[in-house]
Structures are given as structure tokens and as C-alpha cells.
Amino acid sequence: MNSPSPFGQNEWLVEEMYRKFREDPSSVDPSWHEFLVDYSPEPTNDAPAGNGKPAAAPTAPPEPASAPAPKPASTNGGAPPAKADTSTTRAPEKKPEEKTSPAPKAKTAAPAGVSDDDETQVLRGAAAAVVKNMSASLDVPTATSVRAIPAKAMIDNRIVINNHLKRTRGGKISFTHLLGYAIVQAVKKFPNMNRHFAEIDGKPVAVTPAHTNLGLAIDLPGKDGKRSLVVAAIKNCETMHFGQFIAAYEDIVRRARDGKLTAEDFAGVTISLTNPGTIGTVHSVPRLMKGQGAIVGAGAMEYPAEFQGASEERIAELGVGKLMTLTSTYDHRIIQGAESGDFLRTIHTLLLDDEFYDEIFRELGIPHEPVRWRIDNPDSIEDKNARVIELIAAYRNRGHLMADIDPLRLDKTRFRSHPDLDVNTHGLTLWDLDREFKVNGFAGKTHKKLRDILGLLRDAYCRHIGVEYTHILEPEQQQWLQERIEVKHEKPTVAEQKYILSKLNAAEAFETFLQTKYVGQKRFSLEGAETVIPMMDAAIDQCAEHGLDEVVIGMPHRGRLNVLANIVGKPYSQIFTEFEGNLNPSQAHGSGDVKYHLGANGTYIQMFGDNDIDVSLVANPSHLEAVDPVLEGLVRAKQDILDKGNGPDGFTVVPMMLHGDAAFAGQGVVAETLNLALLRGYRTGGTIHIIVNNQIGFTTSPYDSRSSEYCTDVAKMIGAPIFHVNGDDPEACVWVAKLAVDFRQKFKKDVVIDMLCYRRRGHNEGDDPSMTQPTMYDVIDTKRGVRKSYTEALIGRGDISMKEAEDALRDYQGQLERVFNEVRELEKHAIAPSSSVESDQMVPAGMSTAVDKSLLARIGDAHLGYPDDFNVHPRVKPVLEKRREMAYEGKVDWAFAELLALGTFLAEGKTIRFTGQDTRRGTFTQRHSVIIDRQTGREFTPLDLLTVDSDGNPTGGKFMAYDSALSEFAAVGFEYGYSVGNPNALVLWEAQFGDFVNGAQSIIDEFISSGEAKWGQLSDVVLLLPHGHEGQGPDHTSGRIERFLLLWAEGSMTIAMPSTPANYFHLLRRHGLDGIHRPLIVFTPKSMLRNKAAVSDLKDFTEMKFRSVLEEPTYTEGTGDRSKAKRILLTSGKLYYELAARKSKEGRDDVAILRLEQLAPLPKRRLAATLDEYPNAEQYFWVQEEPANQGAWPTLGLTLPEVLPEKLAGIKRISRRAMSAPSSGSSKVHAVEQQEIIDEAFG
């Protein structure tokens, strides 16, 4: 059966159920109630899911009172007779002539020509009515116009239409649908064709009916095998658009075949259509019944007789198309031949007309342009072959611009098109569709018809998936994608379709419950984008199919709760407990966080396979996309632990990242993170990016939020393939997800899926989006959800039975009930203030960080352990030699002390990751952790020699030093994530200058300083921030000590500014060995790197440990007298050396200088004990280089008097004045200010 209905051949059953539901809901299976409550039986004008409420097919209005005209007979003898439509003039009913019945005869003589052996049958019922009507039709003086019409445009457009319907909602459009609609449109131009003749008061009258009622001649087989013909009317056709016309047409045909037509259906036919062409008749002159003005007969579509023996190739070469003969048989009393001829010419024009098919395509929701009628182009086949190749390339490049990827279709007046995708632009026409062209291996063929080429290209690039991949530079990757995209579409199995439907059921049931139970609470629902659940499920399933180890998900807050429940498997009861605000006291350390920021872990088990895979969702803040680099770092850490390499079997932990469309285009960290994708220090073997594109950012429309065509354009920078997919087509989304994983596995690169959908509610559940997007939300408010539209499509295409649909509906209701049942069992906890996390991790007592002198010697030797044929740069070689000397003789500088600390860790089997801009050499040419061959460029890393012991056995240690991209936000986020993923590694990131760390402020605020308190997420990442006032200007001076101290609380991190190489050594050693997982912020020196006073003896490494407060060496060595000190200068960092030089120069025994090496947590007891060593101190000053409103003073000025009120209640500050910038831009001004600080300190 032909039907554009969403339910195809099953539409009648659904509509019958809907009718019963309207009359008595209890008469319909309860599983259908929720589905039918907002069901509209008319077809929508969208695919795959309708927008807005579909318009109902109009019903005939009450007919004005008038006397009936004479009853005409049905077309071609159809029974029962049709009734004339109303007119403005009353026509009195004619009284039938009285007839007297003849007396019965004993036997009737056989008619002439009938022998006694012939079989005779008395015609009764419908057959008798045919005889009567045919006889009556002899009284109608008719004439017939005949016109041969090219059928090619209609044939080709019907192919396009039905291919679209087959892929979307099912059903077919017949030629009679198109022809009937063209007749109705032609009648509007020639209304006289809709008139009929009558006699009123004995006078001839031309009756013009109020409406066009098109009579369809329907051939019906009887139970006895005989055929009968009925003519039923489609009423009020002139008021219908194409979708309504098809619905009314199919309703009449279906009821005729089911024997459910009523007398009203036969009444009022004004013009008829009969199509004997369906049985091969080429030319027909049907009889015209009384009460009608015309009947149109359609013949079979055939090639002209002289070409019917030609081959298909020859016909295509000559440009010969099929013809259809139309006849118009009309009542010559009221219609003239010219009118009938013009009427047929109009139908002819319509069936070739662009606008006619444009309307039909729009009504059926076909998003691209129809086949256009054009004159054949006489160019040679060779010229056209080149154009076909160009056309294929155009579709590969720009096919996505014509893809039907927007489920809302807000602009229904515009076809998705592009000049490059128009065959006419390439000098090709519909006459070329059946011609063969060389295609150079396209779809695995050497030659293909243009029709097949176009069909495959549109299926591949222009349906519900738009693909961008031609920006990829590697031909192998392009070819791999083409081989999988340019193939015949294969539907999922029924089992897979049911599984997809079950995931949609779960997604919608979850959101429905939350909306019902927690009205108005913020949850950032997934409604409108539920397809992301089966999409993610499919991607994870494919990862399991490849035998991978884990999928780690990072995502924003929208849809997060649904993902936690339906992907990660977090129990409903736990999620709803968080909704109730009932935090478990045993877990409520720190501040906690809102429910849609929390993470979880689970295991995914395949539905159609035997594998399982770990799945985790990382915690995130509301700072959109800030989690991106954190996820990548965490995954890299897990991969490094597994250590499966970079080959085909490597990268077995998969990062899956969800984004919003506005954020993906708008947040710079997206580009920063993408830029890391292929760098050796940051590769994770490809990320699966899924953009939940609801086409709005809070209240901002796409045209206000990005300059690019797509939100995904930024991903082209790394050569990632991009798939745009319609979120209302779950099967397409699932197919793309699997392909994305396969591509990632093959090429170890990122893949981007842009799933276009919508947001059913506002940005949050308390927001009203219609204030700013009224048109969009008018569409959304009446749009059926994807679960229902997918169910319709499955039934309409015949993929599942009505019984299976009922089972799916019961599954949905069962899942909803399951959620309701779980929430009744919620565990209740009393609410109490949250406790601090500070005491959760304590420094172990008696921990030693000293090392044996022999180990220091090994590290020194390693710096001269390069191969004999290695060409060390002449400026680097003296540095390496000096380091070996320091390892044996002392006077260790800062850079070598750092390498000694790292070397000892490697010897102890620890993994070290050290990154940053210019980190391997060092911004200040101080580190040289990796040596480059002056001639060949090969690398030598001295510390790698410490990963084996003196006997050559591996220690298990790894040293990974990388120069990072020029990024702070993504780079710091990555290292934080790495430290979370591998808590046993020592992870260091160094800023080029400390000033630039503010580029990573979101990571510092949201993760480093508060991740433990909010999520219980532990990290011991180390930030090294070069800091110090040296006259280099405001942007090369300050690591912003004040900001870190402001963020510090609850022991959230350690903030230090060591002043000696040995103390820095012990600080790093303590951090790596104490078992406390909290970030370490170190403000490192610049000019002090080469200060000859800033060196340490070997015994400081072999006998000491980290000291949070340092006195001057003269006091600790016993040469100074503490009792003489009356003025105590507290300071930190490199300023100490300037103060010490001034003291030494002036011999000021009355001044003592104390260094606070650890700024937070404040070493209160050690500081108090040290101050007690100076019994005669009278004045206390905090001396800093930084302006008064910066550095440590804004915090210490408040804290020191509180913690040590006996001594420091009156502590004063010595510093630069308060400044908005960190320093002066003039080196001369700097020198003056610096001198003033020193002078005031000793005043």
C-alpha cells in the first residue's frame, strides 16, 4: 500500500486504535495510552520527526441546503451512483417515469445471437448498476482531448521521494498521487473543468460546485476472484496541501479495500481520475457520468513505440524518455475543446514544473531540491565524464551542506542546497541519469549510471549524516572513510533496533521521573537530546568489541545525571539521594559539590558480545570545557601505567568527551586541548568528541555565538573527521558512533560527532526560553520526542510489528516504574555542616629525605655518560662537566639540585613527568635535562641512566621530559589530570615565567585548589613558577603569590618559596615520598639561579631535610650571636640574599634575617620556636619585593598576628607601595624601588 504516513501500511491499525482511544481509553491496551495521548493521525511534513502539530486533513463542511441535481452514474459504471455537489441554484428533483410491469411470460425467447448452449448470467448489484450508469452516460455529449506528457521528471522525482521515505518513516508515493494532485492544482486555474450540466425548471444550467471533489476509480478484487470498480470522492481537494491530499487519498483507498466506504464517500464527485495505465493500457477514453464535467484518464508510461526495441544504453544515449498519455473526456455542452486542451497543458506543465515538485518535497520533509526538468545537454560523453568526477568530488567536499541534520527544520521554506551539488551546475541534466560514466573506482566500480552515482552520494553525504573529511591531509585516511561511507545503506538488525529503543526508553524515563518528582530543581536535563544515550552506548560497545581497557568520559553538566544512570551505571537511589540533599556523613568531607558535577565508575557489559570494559566519568566544574585537558591528562596517565606503546595495540584507554555547541566554538581551551592531540608528550591515541548541539547557548543563537558555519570547525586544525548527524535518527547516530571508534582505532586520531538536537526546556528547568527564542520553542513545544518518533518510524517501515511496539512501550513504562520504586527506598541522613579535609592527610613523622653521597655521584657521572659518538654542544659541555664536579665537591647550584632530586626518584623506581614551555633546556638556560647532538639532532637524557641500578637492572623508574605547546590552560589542566590518573608519579609543570600561570587560572581555581574538597579528587601536581623582581617589567616578574595564598584553605595545597638549592631538593623529595596527595606550588628563582651565594654543600643533601624556616648560616653554624638581634626581618625567596649582603656590608649584628620557606600551610610551631631563639628582639618586619597589595603580605599580615600574637601582633610591612601592576616597566625605577626596600629594612 502506498502511504506517506509515519506508520506506512500499519497506519490504519494505529488510527483505528486512536479512534477507539478517543471514544473509550479503556478499550485500548494500557501500554498505548502514553503513546496515543498526544498522537496526531495526520502525516507530518518532517523527517524523521515532525515539527509542530501536524495539520489535520480537512473535513468537508456542511453543504448548503439545495435541491439535489440529477443523480449521475459512477465512472465507468462504478456503483453506487455518485451524487452531484451543491450549487447556488436549486434543481428540482425529476420525477421518474412510471412504468407498468409486463405480464409474466411462461418463457422468454432467447435474444438474437444467443444460442441455447451459451451460458447466461443475470447481472445484479454492482454489475447491474454499471449497466444502468453506462446506459445513462450515453445521454452525455462528450468530447475528448488527448495529450502525451513526458514522464521522466515525474519518474525521477518519485524515485527520490520514495528513497527518502524508505530511509526515514516508510511508505511510498505513487504516480497517481502526483497526477491527482496536479489535476487539483490545474482545476484551480481552469475551474470550468469542475462544472457539470443540469436542467433546472426545464432550463439548461451549468452548475459550479463549491468544492473540488476528486473521484478516484478504484479497482477491487472480490472474494470470488472477480473485479469490481468503485469511484469514491476525496472531498474539498482545493483546500489541501500535498500531505493532506495524500492522507485523504490513502484513507479512501484503504476504506475501499476494507469494504468500509459509506454512501457519503460516493457522493459529490465533481471530476474523476481513472488510471488504467496501471494495468498497461496506454490510451483510454473513459465514459463521463452525469453530474460531472470531466474525467481524466492516465495511460501507461512507455517509451515511444519506435524505441521500444532499443537497449537501455541506446535509449539513454539518445535521451529518450517515457511518455504518459492523458485524456480529458468532458461534457461538451458546458466545456469547450480549448478549455480541455489548456487544462491538459497545465497538467503537463505542472508535472515538469520546478515549483510543483518544490512544494511536494517541502510537504514531505525532503530537505533537498527535486530533479529539475531541463533540455538535454549535447556535450560529448567525455566532457560529461569529467563533470561527473567533479560532481563526486563536490559531494565529498560539500555534501554535508545538503544533509538533513537539523531535527527542528526551523526554516522550512529553504532547501538545503549548494551550487556545487546541483547537477545542472556541472552541465548535467536528468537525461544523463541513465547514462553510464567512468567513476575511477567510486564505490568499488569502474562505471556507474549517474542515477546510481547520485543515489549513493546522497545516501552517503546528504541524508541524516553530513561528513567532513576532505580537510584531512592523509589520503589513506580519506580513502578509509570513503570505503565505509560510500556504500549501500544497511539497516540494523531488529534486535539492534529494539536495543536502541530500549536505551531511548531508559533515557526518557529517567528525565520524565525527575521532571515529575523534582519540579523546578536544576538538573540540566537531556530532553531533546536523548539519542546521546544510545550513541554513547554504541561507542562504548565498539570500544569493548576492540578489546580496549577503559573509556573515560568528560562532559559538562547537561545530561550528566542521565549519563551517570544509563551509561556509567550509578544507582538511581544514589543519584536521588543527592537530589534530596541527603549527603552521607561518612562521605561528606569538604564542601562537596552539586549533583551534576560529580563523577563515578562502572563496568559496561556488551549486549551483543562477550566483552566488558571499565567506564568512568570524571568530576567537572561548571566552567565549560575546563575538564577537557584534565580528561586527556588522566587518560595519558592510565595509558602510561599500562605501557602498551603507541602501536596498533596501544592507547587502550579511550577518552570520550562531550561538549555543548556554543562552548565548543567559544571556549579557547577547546582549541588548546585539540592542539595537544598529536604531540608526543600529550597523545592519547584519539578522543571521541560528541557535541550535544542543541543549537542554542543559554539564550544565545548560533549566529551570535560563532563566525563559522559549524561549531566544529575548530577541530579541522588537527585533521579530525567530523560527522554531523540528526539527533532524531538514533540509527544514524549509533552507526556514526561505531564508525568513529573504528577510525580512532585505525589511525589513533580524534573524531568529532556533532549531534544536532534541541533543548526541550530552558538552560535550566526554571528558565523560560520562549522569551528569547519564541519561534524555536513554538516548534519544540509541539514536537514529539525522539522515543515516540523512532517508534513511529520502526512501525512505518515495517521493521517491528505492533506487538513489538507494545513491548517497547511496556519496557518504557516498566523502567519508569523501576525508578519510582527505587526512590522510595532512599536512605535518609541528618544534615550537618561539612567538615574540613585538612586532617584527612597528615605528614608522616620522622620521614627522611636525605640520600647517600654515592647516589649523588652516580647522578653526576650520568651527565658525562653520553655515547662516544655524541656531539655535545660546545656551550653545554662545560655545564655537564661542572655538574659532575658539583656532585663530588659540593657548591651545588639550583638547577643541579633539582636534577639530583629527580635522579634520586628514578633510582628509587619512581615515574617522573616534567613538562612546560622550554622545560627541557629551561627558560633561563639552566636545566639541560635533555642534551641535543650538535650534528645529528639526536637526544641524550642523562637521568635515563638512573632508571637502571649499578648492576644494570631496571629500577622501574621513568623520566619523561617534554617541551609543551605554548599553552597554560590546557597544559596545566593536562598535568593535573595526569597526576590524578597516576598518583604514584611525580608530575611537574613549569611556567616560562610565573606571570603566565594566570592563563590557567580556571584550572587552579576549579581543580588544583579545590578538587579534593569538592570531589575527593586527589592530586600532587607540582607547579614551578619563576618569580622575582629583577626589572624585567610587569609581565616577567610575579607568579602571583597572593592569589595562591588567597585560594589556600583546608591544607588544599603546599605553597613554598625555598631560598637554597638543598632546601628545594628536600622539598621535592618530601613531596614525592610523604604519601600526601596535594598540589605543590613552588615560586622558583630566576637571577638566583646564577647567584654564587645561592649554593649548597653536599652535607645539606646527605644529612638534612626540608626546613620550613631558615635562619642565617652564621647562627646555625654558631658564629653569630642571636641575643644581639633587636630587629627581626622576616622574608622569603631571593630577597634574602640582597638583605644578607647589606647586613654583611654594614656589620649589623642587631638585625636578624629569617626566611619563611613554606608560606602555606604556615609552619606556626617552627616559626614560633625560631623566634624564641631571639630573646631581645623588639621589632618585627615582613620584608618583600612585591607591592603592598601583592605577594605574601595580604595573607600573612592578617595571619601572623593571629597565630603568634605575643611576638607578631605589631609586625610591620616593608615593600613597594600598593600597585595595580606587579612592577614598574622601567629598570631604573625598579632599581630605585629595590634600594628603598633594602634601606628601609635596615633603617
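Positions of Cβ are set from backbone N, Cα and C atoms, glycine also.
Here is what Swiss-Prot records for this protein:
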type: REGION; residues: 1-40; note: region '2-oxoglutarate dehydrogenase E1, N-terminal part'
type: REGION; residues: 22-118; note: region 'Disordered'
type: COMPBIAS; residues: 22-36; note: compositional bias 'Basic and acidic residues'
type: REGION; residues: 41-103; note: region 'Linker'
type: COMPBIAS; residues: 91-100; note: compositional bias 'Basic and acidic residues'
type: REGION; residues: 104-353; note: region 'Succinyltransferase E2'
type: REGION; residues: 354-1243; note: region '2-oxoglutarate dehydrogenase E1, C-terminal part'
type: BINDING; residues: ARG558, SER622, LEU624, ASP661, ALA662, ALA663, ASN694; note: thiamine diphosphate binding site
type: BINDING; residues: HIS597, SER622, HIS1036; note: 2-oxoglutarate binding site
type: COILED; residues: 799-831; note: coiled coil
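Known features from Swiss-Prot, placed on the structure.
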{"residue": "ARG558", "record": "thiamine diphosphate binding site", "DSSP class": "coil"}
{"residue": "SER622", "record": "thiamine diphosphate binding site", "DSSP class": "coil"}
{"residue": "ASP661", "record": "thiamine diphosphate binding site", "DSSP class": "helix"}
{"residue": "ASN694", "record": "thiamine diphosphate binding site", "DSSP class": "coil"}
{"residue": "HIS1036", "record": "2-oxoglutarate binding site", "DSSP class": "coil"}
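Across the structure, SER622 (thiamine diphosphate binding site) and HIS1036 (2-oxoglutarate binding site) are spaced 31 Å apart at their Cα atoms. Within the compositional bias 'Basic and acidic residues' (22-36), the DSSP-based counts of helix, strand and coil residues read 12 helix, 0 strand, 3 coil.
Note on the binding-site residues ARG558, HIS1036: the fewest other CB atoms within 10 A surround the CB of HIS1036.
A gap of 43 Å separates the Cα atoms of ASN694 (thiamine diphosphate binding site) and HIS1036 (2-oxoglutarate binding site).
Neighbour counts of Cβ atoms within 10 Å were compared across the binding-site residues SER622, ASN694; the minimum falls on SER622. Of all Cβ atoms in the protein chains displayed, 22 besides its own lie within 10 Å of the Cβ of ALA662 (thiamine diphosphate binding site). Note: ASP661 (thiamine diphosphate binding site) has non-local neighbours ILE691, VAL692, ASN693, ASN694, GLN695, GLY697, PRO702, CYS711, ASP754, i.e. same-chain residues 6+ apart with C-beta under 8 A of its own C-beta. Taking a C-beta cut-off of under 8 Å and a sequence gap of six or more, ALA663 (thiamine diphosphate binding site) has these contacts in its own chain: PRO556, LEU624, GLU625, VAL670, GLY697.
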